[in-house]
Amino acid sequence: MGAAILSDLLTVILIPVAAVVGIVFALVQWTFVSKVKLSPEQQPPASGNKNGYSDYLIEEEEGLNDHNVVVKCADIQTAISEGATSFLFTEYQYVGVFMVAFAILIFLFLGSVEGFSTKSQPCTYSKDKTCKPALANAIFSTVSFLLGAITSLVSGFLGMKIATYANARTTLEARKGVGKAFITAFRSGAVMGFLLAANGLLVLFIAINLFKLYYGEDWEGLFEAITGYGLGGSSMALFGRVGGGIYTKAADVGADLVGKVERNIPEDDPRNPAVIADNVGDNVGDIAGMGSDLFGSYAESSCAALVVASISSFGINHELTAILFPLLISAMGIIVCLVTTLFATDFFEIKAVKEIEPALKGQLIISTALMTLGIGIVSWIALPSTFTIFNFGAQKTVKNWELFFCVAIGLWAGLVIGFVTEYYTSNAYSPVQDVADSCRTGAATNVIFGLALGYKSVIIPIFAIAVSIFVSFSFASMYGIAVAALGMLSTIATGLAIDAYGPISDNAGGIAEMAGMSHRIRERTDALDAAGNTTAAIGKGFAIGSAALVSLALFGAFVSRAEISTVDVLTPKVFIGLLVGAMLPYWFSAMTMKSVGSAALKMVEEVRRQFNTIPGLMEGSAKPDYATCVKISTDASIKEMIPPGALVMLTPLIVGTFFGVETLSGVLAGSLVSGVQIAISASNTGGAWDNAKKYIEAGASEHARTLGPKGSDAHKAAVIGDTIGDPLKDTSGPSLNILIKLMAVESLVFAPFFAAHGGLLFKIF
């Protein structure tokens with residue numbers, strides 16, 4: 001077998017050091033962003049600082065020292081920040097109640113496996129050894145669930161705070177040029193990306209070491225208890241994604257339909273009553289929701305890999321460095337992303353609009369190339385040359401270079417999915433241009449073309465996922481799939497930085513419009529936003545692809561833990577589960593889409609009421625009542641997020657308890673297979689409609705100018721398509737990847753109970 005080159009002591013030092021480096025780097029980026037002042041009296045003398053934090057270009061005709069503009073920007077930012085904070089606090093109160101209730105459920109279910117006994121029991125996989133009692137597993141699983149949940153909420157909240165801190169600063173920097181604004185937005189995104197990646201790694205590492213004080217040599221029990229961390233992270237992400245998604249899209253649809261289509265006023269016009277709610281929504285849905293979502297994916301892929309490793313030779317022989325291989329990959333990821341970020345902020349300077357998108361795509365390519373090298377180094381120093389991996393009851397011999405390929409193929413599959421998503425959603429390519437062209441004949445043809453594009457965009461990502469599953473399973477069984485998912489998420493800090501950059505730029509454009517800045521500044525923020533839109537679609541592609549791999553790895557761990565030797569589709573128990581599982585994503589999507597629809601209905605009525613009853617609103621002499629619109633979005637999203645959340649959380653419990661582990665394995669497989677397809681097509685359809693509208697509005701090519709300008713029939717058809725696509729790309733699509741992961745990780749956590757007491761109905765009959 002041979003031992004790993006890296007000593008256990010060095011491993012225990014390197015992982016937390018990498019996490020701390022990530023946190024320090026995030027704080028350094030934050031200090032750069034905070035140098036952009038939101039008070040009008042701060043101007044320092046000019047100096048040629050490259051990144052433009054001290055050069056004050058008074059000669060630009062934008063009126064850099066227009067105090068009113070700066071004050072207005074600060075006021076708007078405060079309104080957005082307060083709206084987002086109050087929504088998240090309200091949401092977290094409801095989620096907190098759920099968190100406590102579910103923690104009690106975990107304790108009761110898992111504690112009852114052995115009748116709350118405190119006696120040691122034979123281990124699940126090595127019957128000749130004794131493991132800690134089931135009651136200990138119940139207590140520690142509950143603690144790790146709460147840890148994961150709190151880390152997830154903190155990740156989302158910090159992300160939102162950073163985004164609302166940076167949006168007006170990006171607007172003000174846009175007066176000095178597009179390069180300055182880009183760096184401010186990107187640095188802010190990096191703060192969120194690095195804080196989240198480092199916190200996720202650090203909390204998991206500390207939890208493992210604290211649990212080890214009790215578990216000692218019982219690594220099987222230790223890593224089974226740690227799976228609660230993934231469950232906590234994802235269950236909070238579900239509510240963040242669904243609640244935030246309903247909030248943002250209710251406001252967006254209401255603002256667009258009445259403002260753009262009926263009243264012919266520009267996007268983010270301060271006369272529109274829903275405009276503040278719309279900008280708040282970008283932060284609570286796209287930032288806080290996305291942060292929690294990717295943290296959940298990261299936590300679950302780590303947990304899936306650790307569970308399988310604990311019953312392989314790593315766990316049996318107590319090889320600490322080898323078992324912490326998933327955490328070492330994440331630690332290497334933080335260092336690689338740190339270097340990659342410097343390429344965007346320090347090594348190259350953006351001078352023109354056309355350089356923005358290549359710079360963001362360059363981030364993905366550079367981080368993937370460097371990470372491949374990083375994975376090679378970690379695989380070489382942290383793994384023995386040969387070892388065995390648990391493979392459904394048997395032990396499979398694996399070499400360290402095979403595991404390197406598993407992680408690397410996940411990493412590159414993520415890049416492929418990202419670029420295919422970009423091809424189908426960016427208005428630089430023919431698919432979106434065809435959708436825009438179809439707007440000539442009205443909204444109906446636009447909708448038909450958009451749906452077709454979404455369905456077609458599923459093909460290559462599914463092949464990429466299929467190939468990575470086949471290769472990684474062939475090399476290293478279920479552990480291979482778990483580390484492939486981790487490979488896809490290893491550059492999470494860069495992925496999140498690019499992802500958070502989009503909503504920050506979007507908000508910056510909104511603030512520029514509301515503060516009455518010149519059209520040149522709005523053009524710059526629009527260019528930043530358009531690039532951000534495409535990269536957000538790439539981020540969603542990553543999230544969905546990694547969710548597919550993560551849930552398959554968790555599914556494998558669940559099947560092993562529930563002691564199912566084979567999942568036979570031909571047995572009726574499994575087949576009925578398969579059918580019901582495949583239906584669940586449709587049921588879930590129906591709930592979330594209808595929630596957005598009914599909330600948007602209230603919003604449209606309120607916006608119309610204000611335009612009709614407030615005298616002087618259209619002329620700009622009276623102010624709209626923003627607070628009522630914010631309240632409509634908040635109330636609707638809090639009320640409407642509970643039923644979809646309950647559907648996802650209760651399904652595994654009900655199926656496992658009443659129908660048993662075979663039916664539950666069918667449900668998990670069915671929801672994975674159908675959920676991935678719907679998630680990809682929904683996200684890409686919505687993204688394509690959004691960018692088709694932007695393509696017509698920008699009028700950058702001869703073809704686009706024949707469809708425009710704003711307010712033309714083709715543009716109105718594009719706005720309707722974009723409005724239909726909003727809940728698809730920002731509510732249903734992104735939430736579905738949490739559905740498939742969450743059901744799998746929940747089944748794994750409750751597997752001991754289901755294996756011992758599940759299938760009540762089949763026992764009765």
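Keep in mind that glycine also has a Cβ here, set from the backbone N, Cα and C atoms.
According to TrEMBL:
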TRANSMEM  12-32  transmembrane segment
TRANSMEM  92-113  transmembrane segment
TRANSMEM  134-158  transmembrane segment
TRANSMEM  190-211  transmembrane segment
TRANSMEM  320-344  transmembrane segment
TRANSMEM  364-383  transmembrane segment
TRANSMEM  403-424  transmembrane segment
TRANSMEM  458-486  transmembrane segment
TRANSMEM  542-562  transmembrane segment
TRANSMEM  574-593  transmembrane segment
Residues from the same chain, set at least six apart from the ends of the transmembrane segment (364-383), whose C-beta lies under 8 A from its own: 4-6, 11, 321-322, 324-325, 328-329, 332-333, 335-337, 339-340, 343, 400-401, 403-404, 407-408, 411-412, 414-415, 418, 487, 490-491, 494-495, 498, 538
Result, the transmembrane segment (542-562) in contact with the transmembrane segment (320-344) (3+ CB pairs under 8 Å): no
Among 190-211, 403-424, 542-562, stretch most in contact with the transmembrane segment (458-486) (C-beta, under 8 angstroms): 403-424
Long-range environment of the transmembrane segment (92-113) - Cβ separation under 8 angstroms, sequence gap at least 6: 134-135, 137-139, 141-142, 145-146, 149, 153, 157, 228, 231-232, 235-236, 239-240, 638, 642, 645, 649, 653, 749-750, 752-753, 756-757
Positions whose Cβ lies under 8 angstroms from the transmembrane segment (574-593), at least six residues beyond its ends: 242, 245-246, 567-568, 643-644, 647-648, 651, 655, 659, 662-675, 678-679, 682, 727-728, 731-732, 735-736, 739-740, 743
